[in-house]
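A.B. asks: Below is one structure. I have some questions about it.
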Amino acid sequence: MAWNVFRFCTALRGLGSIMILLVLSIVGVTYYAVVVYNYGPALFAGGASTLLALVVLLLFHFLLVMLLWSYFSVVFTDPGSVPPNWNLDFDEERGETAPLSGLDFNSQVNSQQSIAHNDTGHPRARYCRKCNQMKPPRCHHCSVCGRCVLKMDHHCVWVVNCVGALNYKYFLLFLFYTFLETTLVTLSLLPHFIAFFSDIDIPGSPAALATTFLTFVLNLAFSLSVLGFMIMHVSLVSANTTTIEAYEKKTTPRWMYDIGRKRNFIQVFGNDKRYWFIPAYSEEDLRRMPVLQGLDYPVRTDLDGQEL
């Protein structure tokens, strides 16, 4: 009998605030090693050490603020729920589709003048049998959250939330600032790490030295892992796809939602460049870009033509 990973979804729900506390604990340990123990006291050393400490501390606190802002934006932002009584009938997407049955299906077909078709030319309605409701384009059911999520990318245990249409940008910024912060910490603690393996006498208590060592190793590991994850998501954004869709369309040579890299990027980050690097959207973008609401996505019209 095949192993069903979804039976452990209840356990994932139980992690809850534990993961948030874990993230804050890592931040706390890092803050102690960088600010309290190493570079805070160096501010009063004088000379070049003071200047270096000032630069490191300013960058560290700026990136930390942006990291935490992005992180809690992902945690507390609803990734996107299907509106009550939502009723777009058919979608060209093939993943997770199921036909309506009986009179419901016939009434849907007869009431619509324009029906999307799949590659076989037959209309299919996207319907979630678990939520017992129609699903908008690019929407998927999350077994951990127990509901359908608009443009679902994945369920992230680190943020205790789904990553979807309404918080995907915030998630990407969280990755971006996490990479910058962990890289800064790794580089700033590298001399102290090297000193562990030299004959130099290092001042400080064993606990403080162990904390510095642990902080370096943790941040190096996170920096490398987040870099790989970030590269993957840059590729997904450039193709206007999600982690789930990338898996589903392995056999699809062309992707209907790929409308060009620039426009794909704007669909996630908005038109207003002032908001590209903060976890928020301008009021104008929210008003003029329906795609940011997660329900309506433009499709390419030249699937058999040139790349856009």
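Placement of Cβ uses the backbone N, Cα and C atoms for every residue, glycine included.
Okay, so TrEMBL annotates it like this:
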TRANSMEM  12-37  transmembrane segment
TRANSMEM  43-69  transmembrane segment
DOMAIN    124-249  domain 'Palmitoyltransferase DHHC'
TRANSMEM  170-195  transmembrane segment
TRANSMEM  207-231  transmembrane segment
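So that I understand the layout, could you describe where these features sit and how close they are to other parts?
C.D. replies: Residues 56-57, 60, 64, 68, 71, 75, 144, 155, 157-160, 185, 188-189, 204, 208, 211-212, 214-216, 218-219 of the same chain lie 6 or more positions beyond the ends of the transmembrane segment (12-37) yet place their CB under 8 Å from a CB of it.
Beyond the transmembrane segment (207-231), the same-chain residues lying 6 or more positions past its ends with a Cβ under 8 Å from any Cβ of the stretch are 26, 29-30, 32-34, 37-38, 172, 175-176, 178-179, 182-183, 185-186, 189-190, 192-193, 196.
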